[in-house]
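Below you will find the structure I want to go over with you.
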Amino acid sequence: MEQFEIIVILLLLSFITLIFTGFPLAWVLGGVSFLFTVIAFALADWFNVDTYFLRSWDDFAVIVDRIYAQMSSWVLVALPMFIFMGLMLDRSGVAERLMKSFAKLFGGLRGGLAITVILIGVLLAASTGIVGASVVLLSMLALPIMLEKNYSKPLMTGVVASSGTLGILIPPSIMLVIMADQLSLPVGTLFMGAVFPGLLLGVCYVLYVVGVGLFNPSAAPAPAQHERITWADVWDTVLAVIPPFGLILAVLGTIFFGIATPTEASGIGAMGATLLAAANKRLNMDVIRQVARETSLTTAFIFGIFLGATAFALVMRSLGGDEFIGDLLKGLPFPDWGVVAFILFVAFISGFFLDWLEISLIILPLVAPVVEALGYDLAWFTVLFAVCLQTSFLTPPVGFSLFYLKGVAPPGIEIQHIYKGVIPFVLIQIFVLVMVFLFEDIVMWLPGQMY
Amino acid sequence: MSAKPVDRQDNAGDHDALPADFNLPRTRVSNVLDKFVRAIGRATAWLWVLLVLVIVLQVALRYLFNMGSIQLEELQWHIYAVGFILGLSYCLVEDRHVRVDVIAERLRPKTRAWIEMLGLTFLLLPFLTTILIQSVPYIWSSFIQSETSAAPGGLPYRWILKSFMFWGFLLLIIAALARFLRCTAFIFGLPRPIWPRD
Amino acid sequence: QDKVRWQMTMGFPSTLPALADTGPWVAEQLDKMSGGNIDLRVFEPGKLVKGTEVYDAVSSGKVDSGYVWAGYEIGKLPASALYGAVPFGMEPAQFAAWMLEKGGQEMMEEIYAPQNIVPLFCGTISPESAGWFTFPLESLDQVEGLKIRFAGLGGEILQKLGASVTLLPGSELFEALEKGVIDATEFSLPVVDEQLGFYKVAKFYHLPGWHQPSTNQYLYINKEKWDALDDQTQAMFRTACTAGVAKSIARAEGTQGAALQRLQEEHGVEAVEVPEEVLVELKKAANEVMAEYSAKDENFKRVYDSMTAFMAENAQWHRMGYLPRDWRANHPELYGDDAATTGN
Ligand code: NA
Ligand code: NA
């Protein structure tokens, strides 16, 4: 092993240790990179250690050029815009209306409310993609009614957490935008590629709820008596569905019909959500101010990690870490598909502790060249990876969706209900992951139709 | 990760309340610094509204009138760049940078304050200072070569955009120093801690 | 002999044939001829810095060297655009002649010296195509309002004719073209364009490459690091790069014919000649753009004047010394050609 490869291992270990101190991740990444730069110089100067391409301040100063590269990335403009859109939609009252009319329509069925949550989750996912907002919204709308109707607590929390998480995968998706930027893949291809895996997840969730209704009726009770559904209720539902479909059309439609690129579509979507809020009489200066500020804060916490990760990647790379890890992976005694499976397994396990953003920024760029060299389609692999990272929202101890849910859940719902509730959904995620792994067409068919 | 919902709504109306997360006290100096950074952060948040308008305008011009404008295209990522780089310090003041606090939340507040102070001293501040220093020659070289966009008919004065890297990191350092003072106030009682009234 | 281990950061991915793969080839030659003493490590674009930032990074000494197209730095050093590619400019052999025999290289080193860069001429390739269109360009009035992605001086020239020029990032280019967000895009050589798969989204391939009769690559080396090398090592670098020029001319010219045929026969692409009336207007606009830059920038004027002087001197020879361009197409019977293979 080369001397610089030992430093790489120490760098990784220090990072893993330091994130558990609770210091912000972004600054752990940046700070560790700085510390190891200093260590590398000292070792090179005083002990004549071979530190590969980390030999002078100039080698670290490239960080400035790399930050400017982030600043001048047009593709990443979509990120704050999709965030803006999601936050605005959250305040537009669209989801409340959906919940009310869907609950009326399906509330009489066994497990009907749970299915309602999944349907709204899919609709929200396709019109926006801020997981936090979706989970919070679904929790506040659905949990009180489901409690009242005696649904089992694990079932309802599991349904809400996982349905709210679909938005990170089903386009528009900021995760796919970031991955496209990292790997220089077309955003549109990833968007189209993620549609069927995302819908498949939704379908599997529904099937699971139906299954629970059949085999464990007390978990998903049917109400003793339910109001009769009138045509007016159906019409109400149709009206409630129009706005989210309008927004889906504003984003995916403008891409599909050649009016705008995916980046520009994000701005159109943000405008669309604002108009929806106005149509529902929810728009005022205060709402715009809140949405703008919240967009800044959310964008900034993502870019903080971007900054840290770009420093970390630079130091890793300058120490020869890319080749080192690539060679390790290629040297595994597995067949090609085994290497890919192993990478996904690592991403899945990392997902317990890290979230999608760090994994996309740190692990994905390291492993993508290896997967490409093995001859796999990078777009397919990226979508697989995305499904894997979507799961990280649901896996404790660090699972964003679980925290969001707990943060707004009504009294009586404990964290163990939530942990217990997500287990079947994590298993469904793994099932879909395996399906996508085995049947490449689930991803590749739709983008193939585009060209 | 900190379990803060993304759409916390409590920071919009109340203009004076500064956060007192995991029981860090405020101090007189840190209040001044925090308010300064936050005021800039809040003002720049309007850039996102502007960005929406610019994108809609750009798409409308091209789709309806076959008029492309490279300046409008460039303006989009200029706005975005300024927005996120100045937003970083605002995010720090509001303590919204993501933490892995599975273990940390079980620690005593004083231990957490120590970790925070050491992290600021050995991880964050050196990192920020290095970038701040290194950004100067980068911006300077753009300035003396009167760099313009490489795009045909693109925007001039590229150094202005690049200089936001300096301002962004300067604000980050200010925000980090404010936080540092709040740690020392808690640990050593220096400067004098101000605890929020409940 | 010095021991050198340098980063060589790429302007384009080294997988692109002729356009970029000469860089790693030159590195390999240096390794061999120095007996392993010169080690240039290839870093793909973005691994250290983006392709557009290579000039800055080498200039400030943050990166040792880079293999890159000159012209990204047009916003800082306008003359660089002329070294990258000149609309209606010289063909590869002419450009090599001007660089290596007519003082082009020396002038470039002078211009780049204050920027702390030694630029070694290290590759030149055949004309790039005039672009992928979703419809054939048949007349001048189609240029007005044409939504086209076009970088550099060529883009500026098209703007003068009323085209709506855009600079979409590469990752959005395909969809934008496929969905009709734009009508056309310029990219690179047939063999590169084929590899990137533009034929999937646009079927009309326009020629000639009026905006880039030759496209030129350089090995940028940080001047302090270069000055520290001994004569023998410097000589190896210069020799390897001159070999790189020969290699890239051969590699580019050697692959285009087959690539152009494959595009038409296997991928259903139609090769379209840009109408002469359009070329005439483009040249007029090019003259204006060149005059504007020459008026603004002294180095630009100096380089452009030297280039045009050489082209004037070479013009009669270039026309009469070689068989006419359409000689073979006009006399297929003499070669036993059927018209399709020569593009008529
Ligand atoms: Na989504
Ligand atoms: Na997790």
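Cβ atoms are placed via backbone N, Cα and C, with glycine included.
Pulled these features from TrEMBL for this protein:
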- B:45-65: transmembrane segment (TRANSMEM)
- B:51-183: domain 'Tripartite ATP-independent periplasmic transporters DctQ component' (DOMAIN)
- B:77-93: transmembrane segment (TRANSMEM)
- B:114-140: transmembrane segment (TRANSMEM)
- B:160-181: transmembrane segment (TRANSMEM)
Could you check whether the transmembrane segment (B:114-140) packs against the transmembrane segment (B:160-181) - three or more CB pairs closer than 8 Å, residues at least 6 apart in sequence?
yes
So which residues does the transmembrane segment (B:77-93) touch in its own chain, when a touch means Cβ under 8 Å and the partner is 6 or more beyond its ends?
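Beyond its ends, the transmembrane segment (B:77-93) has Cβ neighbours at 18-19, 34, 37-38, 40-42, 44-45, 47-48, 50-51, 54, 155, 161, 164-165, 167-168, 171-172, 174-176, 178-179.
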Where else in the chain does the transmembrane segment (B:160-181) make close Cβ contacts, counting only residues six or more beyond its ends and a cut-off under 8 Å?
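Same-chain residues near the transmembrane segment (B:160-181) but 6 or more away: 24, 27, 29-30, 33-34, 36-37, 40, 78, 81-82, 85-86, 88-89, 92-93, 116-117, 120-121, 124-125, 128-129, 131-132, 135-136, 138-139, 142, 191.
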Report the mean pLDDT of the predicted model across the domain 'Tripartite ATP-independent periplasmic transporters DctQ component' (B:51-183), rounded to a whole number.
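Within the domain 'Tripartite ATP-independent periplasmic transporters DctQ component' (B:51-183), the model's average pLDDT equals 93.
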Per DSSP, how many helix, strand and coil residues does the domain 'Tripartite ATP-independent periplasmic transporters DctQ component' (B:51-183) have?
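Tallying H, G and I as helix, E and B as strand, the rest coil: 104 helix, 0 strand, 29 coil.
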